[in-house]
Amino acid sequence: MAVTITLKTLQQQTFKIRMEPDETVKVLKEKIEAEKGRDAFPVAGQKLIYAGKILSDDVPIRDYRIDEKNFVVVMVTKAKTSPGTSVPSEASPTATPESSTSFPSAPASGMSHPPPTAREDKSPSEESAPTTSPESVSGSVPSSGSGGREEDAASTLVTGSEYETMLTEIMSMGYERERVVAALRASYNNPHRAVEYLLTGIPGSPEPEHGSVQESQVSEQPSTEAGENPLEFLRDQPQFQNMRQVIQQNPALLPALLQQLGQENPQLLQQISRHQEQFIQMLNEPPGELVDISDVEGEVGAIGEEAPQMNYIQVTPQEKEAIERLKALGFPESLVIQAYFACEKNENLAANFLLSQNFDDE
């Protein structure tokens, strides 16, 4: 039975595509290209995001269990056509999705990226960068081709009320507000760049001095051999196994669990952010025996550590009032809290989520 996929772009354009459940994500991309045009939506440049996850080309649509009431975000990355030697380096991230594996070097090179006021003066010297170290430049997107980025910013820059709308829109992909704000800041409020940074890593750590030493120690150790999964050590940890099973049962809980992990073990969260593809692949591995979310909440903070800790969620008075209003709809407190934090403390989204879950159960 055919399903209708609702798609939304970063410019708030919404359209629908009819798909057979057996058809793959690649077919969906081809249909998007056919409907919207190869110039605007080339298959090779499309990234489809649902519930904070990038959809893989060879996976059937039915495997992602896309709710027709929700939407899939379409992000298009285009090769820059600006003259000069910066063209090959700008085209490489879009032509080869695997280029994200070179991003562990991005924090080191990204820390020297020019401030906003110096963009125009820096562009000539920036264009010569690929001749010295093309590998690091392709990994550190903002430090190359700043002229091309200014063109992007001129056409897609968001400010004022549009900024808040865009912020909410990107958060709906499953990212924390703080990370979205940081990505928008690093991209000079260019939403395309911001989403790209969230997917591949935000260049330039907000804590360059004391944070860079710890990050280099974390990243150097696992990346000594090419092709090795730096997150392999998580596979044998029961806390991660339980977390994986819960996420597969309800992908909407991933942002809340990652937020909790960031509070308990920020270094591990940084490492996961640098290796999102491997982490998502591990999350998508076949689960074992099903577990309950209540068994996982207290274990998330213990991932990467030897012993679990007790974890408590702190809420403000306003957040408590929002939770009470959601409970008044007739849902149990435990389910309300899960939905509220899974929806990044957005009361309306949480209410819609709870109502849709209730409808599905009936």
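In case you wondered, yes, glycine gets a Cβ from its N, Cα and C as well.
Per Swiss-Prot, these features apply:
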- 1-81: domain 'Ubiquitin-like' (DOMAIN)
- 80-160: region 'Disordered' (REGION)
- Ser123: phosphoserine (MOD_RES)
- Ser128: phosphoserine (MOD_RES)
- Ser133: phosphoserine (MOD_RES)
- Ser136: phosphoserine (MOD_RES)
- Ser138: phosphoserine (MOD_RES)
- 161-201: domain 'UBA 1' (DOMAIN)
- 201-227: region 'Disordered' (REGION)
- Ser205: phosphoserine (MOD_RES)
- Ser294: phosphoserine (MOD_RES)
- Ser356: phosphoserine (MOD_RES)
Confidence summary (mean pLDDT) of the domain 'UBA 1' (161-201): 79
Number of helical, extended and coil residues in the domain 'UBA 1' (161-201), per DSSP: 31 helix, 0 strand, 10 coil
DSSP-derived helix, strand and coil totals, residue by residue, for the domain 'Ubiquitin-like' (1-81): 19 helix, 27 strand, 35 coil
